[in-house]
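Listed in TrEMBL for this protein:
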BINDING   ASN96, ASN106, HIS111, GLU116  oxalate binding site
BINDING   HIS109, HIS111, GLU116, HIS155  Mn(2+) binding site
DISULFID  CYS32-CYS47  disulfide bond
DOMAIN    61-209  domain 'Cupin type-1'
SIGNAL    1-22  signal peptide
Amino acid sequence: MAAWLLFYQILSLSIFLCPSHSADPDPLQDFCIADLKDSPSVNGFPCKPASTVTSEDFFFDGLSREGNTTNAFGTSIKQGNVLAFPGLNTLGISMNRVDFAPGGINPPHSHPRATESGVVIKGKVLVGLVTTGNVFYSKVLTRGQMFVVPRGLVHFQQNVGEGKALIFTAFNSHFPGSVLLATNLFGSKPSIPDDVLAKAFQVENSIIDGIKSKFGA
Ligand code: GLV
Ligand code: MN
């Protein structure tokens, strides 16, 4: 058999046998309540000893109350990830609660480790996402309607109704991570050099300084 054919067959077999993981890996035990005092290892926090686990470890009320939306964005995001709810450790899921004042936005951001789905509980919400090919998709949703944002894509929500709005979002990771574009680029520590940002956005350095000053850089 030609060497290249053998190589091709081995490659195909290895791809077939080792499918890439599109979310957190599957757990190898029923539960692993995170011991947040210990440092995370590769795939999560170490488990707290099973003998110390109680009912409380499986419940979380951090998403039950409306958040404070009096801020520049008019939005509150409460995260129900492994850091807030250690019972999620290694289970590959988490949720957020997002409250919006009228006109409030959850600014453009992405989740490097998870696909997001969401449901509108109250109000009228414009949900938008942009693909890696720079195509923008959006729709205004009302109560009970769902959306999905494929992993890593930039997306946002805006309350376009008269009153308050509320959505719950869910992720296929216990710690999806969130890259808030404006803060990431203009509020990093240390700061990205003005020249780099000015050239990237094709504007004067003074404009970059103006934006940076709003993001604490
Ligand atoms: C919404 O986009 C969220 O990340 O909760
Ligand atoms: Mn999101």
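In case you wondered, yes, glycine gets a Cβ from its N, Cα and C as well.
Keep in mind it's a predicted model, so treat the numbers as computed, not measured.
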Whole-number Å value for how far HIS109 (Mn(2+) binding site) lies from ASN96 (oxalate binding site) (Cα to Cα): 14
Shell of the Mn(2+) site beyond HIS109, HIS111, GLU116, HIS155, same chain only (C-beta within 8 angstroms of their C-beta centre): SER110, LEU129, VAL149, LEU153, VAL154, PRO176, SER178
Residue among binding-site residues HIS109, HIS111, HIS155 with Cα closest to the Cα of CYS47 (disulfide bond): HIS111
Spatial neighbours, same chain, of HIS111 (oxalate binding site) - Cβ under 8 Å, 6+ residues apart: VAL149, ARG151, GLY152, PHE171, SER173, PRO176, GLY177, SER178, VAL179
Rounded distance in angstrom between the Cα atoms of HIS155 (Mn(2+) binding site) and GLU116 (oxalate binding site): 10
Cβ under 6 Å from ligand 1: qualifying recorded positions of CYS32, CYS47, ASN96, ASN106: ASN96, ASN106
Euclidean distance between Cα atoms of CYS32 (disulfide bond) and HIS109 (Mn(2+) binding site), Å: 30
Nearest-integer angstrom distance between the alpha carbons (Cα) of CYS32 (disulfide bond) and GLU116 (oxalate binding site): 23
Densest Cβ neighbourhood among CYS32, CYS47 (disulfide-bonded residues), 10 Å radius: CYS32
Entry from the binding-site residues list ASN96, ASN106 having the most other CB atoms no farther than 10 A: ASN106
Diameter of the oxalate binding set by C-alpha atoms, the set being ASN96, ASN106, HIS111, GLU116, in angstrom: 14
For the domain 'Cupin type-1' (61-209), mean pLDDT (0 to 100): 98
DSSP-derived helix, strand and coil totals, residue by residue, for the domain 'Cupin type-1' (61-209): 22 helix, 57 strand, 70 coil
